[in-house]
Amino acid sequence: MAAAVVQLADLPFIRQFGFSPLVVGIVCGMLYGNFLRGTMPADWGAGVHFTARRLLRIAVAFYGLNISIQQIAAVGLPGLAVSVGVVASTLLIGTVAGQRLLGLDRDTAMLTAAGSAICGAAAVLAFEPTLRAAPHKSAVAVATVVLFGTLSMFLYPVIYHAGWLPFDTQALGIYIGGTVHEVAQVVGAASNIDPATTEVATIVKMTRVALLVPVLLVLGFWLRASAAAGADGKSHAKLPVPWFAIGFLVLAIVNSLDILPSDLVTAIRKLDVFVLTMAMTALGIETRFAQIRKAGPRVMALGLVLYAWLVFGGYGIVKLAT
């Protein structure tokens, strides 16, 4: 099924909207899981669960091969400052507003915030096993990435050409890369402006992706501390540190050292996208529409709040940093 999803995501009319195979995968998985689940052999259930949990962690670790220290250095201090500022503020706003203003549970609020703050569906996938969240919570979080990230692809070029973004090429690239949800959506938005902006935006976006590691480590230690104090009321006596985040960091360092043949790295990246697509499809199969309808409007409201922050708050952060 994941192989079919990858082919589907590569169709021109889907690719033009910046939908990654991960996004297409969860949609196809949800359609299958809700309308055709009766046709799935019972013994497939264990494989679906394994893919959505264990295989997911391995795939997130290998995503580190998309990052290098050289990329982070290329954007300089302004790009790094914007990335840190956007990620930290968006996670904080999403977690607090989601729980206190919109009445969402902790996991849904944090998954939605992660999708907006870091790298879209991939961040949701990385947070899900660390939080031990239910699959339907990941699905609704990804829905906000699809909606508002796609909107950015069309909105940003329009407001730039209207003269409402008074940035030079460097600052404009930092703004787009620092505030749009998915990597593909960043490329889609910036490519409608010019190649130089696209290059800067892509590098800044990958800097945000690199921040996934420290964020996951902080999250893991915070959850352990909360469990030890009994603060969240759950039984997490042996809550693990997200070791796949360590793997992500190690592989990013390996990629920075340029010790692997380029053809091998390219092949691993393609395989990793496929495995991430498998994991996202499996999450979709485990998700029920009734679960999404229950929290849907409030999650979308949180997605809108975070999107407004990215557009306007991100503008202010870029102005201060550049």
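In case you wondered, yes, glycine gets a Cβ from its N, Cα and C as well.
Residues annotated as transmembrane segment in Swiss-Prot: 13-35 (among others). Residues of the same chain lying 6 or more positions beyond the ends of the transmembrane segment (13-35) and with a Cβ under 8 Å from any Cβ of it are 1-2, 4-6, 120-122, 125, 138-139, 142, 145-146, 149-150, 153, 182-185, 187-189, 273-274, 276-278, 280-289.
Positions annotated as transmembrane segment by Swiss-Prot: 50-69 (among others).
The feature transmembrane segment is assigned by Swiss-Prot to 76-98 (among others), with sequence analysis given as support.
The transmembrane segment annotation in Swiss-Prot covers 108-127 (among others), and the record cites sequence analysis as its basis. Same-chain neighbours of the transmembrane segment (108-127): 20, 22-23, 26, 56, 59-60, 63, 86-87, 90-91, 93-95, 97-99, 102, 133, 137-138, 140-142, 144-145, 148-149, 181-183, 185, 205, 208-209, 211-212, 215-216, 219, 242, 244-245, 276, 279-280, 283, 295, 299, 302-303, 306-307, 310, counting only residues six or more beyond its ends whose CB sits under 8 Å from a CB of the stretch.
What Swiss-Prot records for 139-161 (among others) is transmembrane segment, and it gives sequence analysis as the kind of evidence.
If one looks beyond the transmembrane segment (171-193) by at least 6 residues along the same chain, the residues whose Cβ comes under 8 Å of a Cβ in the stretch are 16-20, 23, 75, 78-79, 82-83, 86, 115-116, 119-122, 145, 148-150, 152-153, 156-157, 160, 165, 199-209, 310-311, 314-315, 317-318, 321-322. Residues annotated as transmembrane segment in Swiss-Prot, with sequence analysis given as evidence: 171-193 (among others).
Under the heading transmembrane segment, Swiss-Prot lists 209-231 (among others).
Per Swiss-Prot, the feature transmembrane segment maps to 241-260 (among others).
The transmembrane segment feature in Swiss-Prot is assigned to 273-292 (among others).
Under the heading transmembrane segment, Swiss-Prot lists 296-318 (among others).
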- request: Report, as numbers and ranges, every residue of the chain located at least six residues beyond the transmembrane segment (209-231) whose Cβ falls under 8 Å of a Cβ in that stretch; write 'none' if there are none.
  value: 63-64, 66-67, 71-72, 83-84, 87, 91, 110, 114, 118-119, 122-123, 126-127, 130-131, 183, 237, 239-242, 245-246, 248-249, 252
Task: Six or more residues out from either end of the transmembrane segment (76-98), which same-chain residues have a Cβ under 8 Å from its Cβ atoms?
output: 104, 106, 108-110, 112-114, 116-118, 170-171, 174-175, 177-179, 200, 203-204, 207-208, 211, 215, 302, 305-306, 309-310, 313-314, 317-318, 321-322
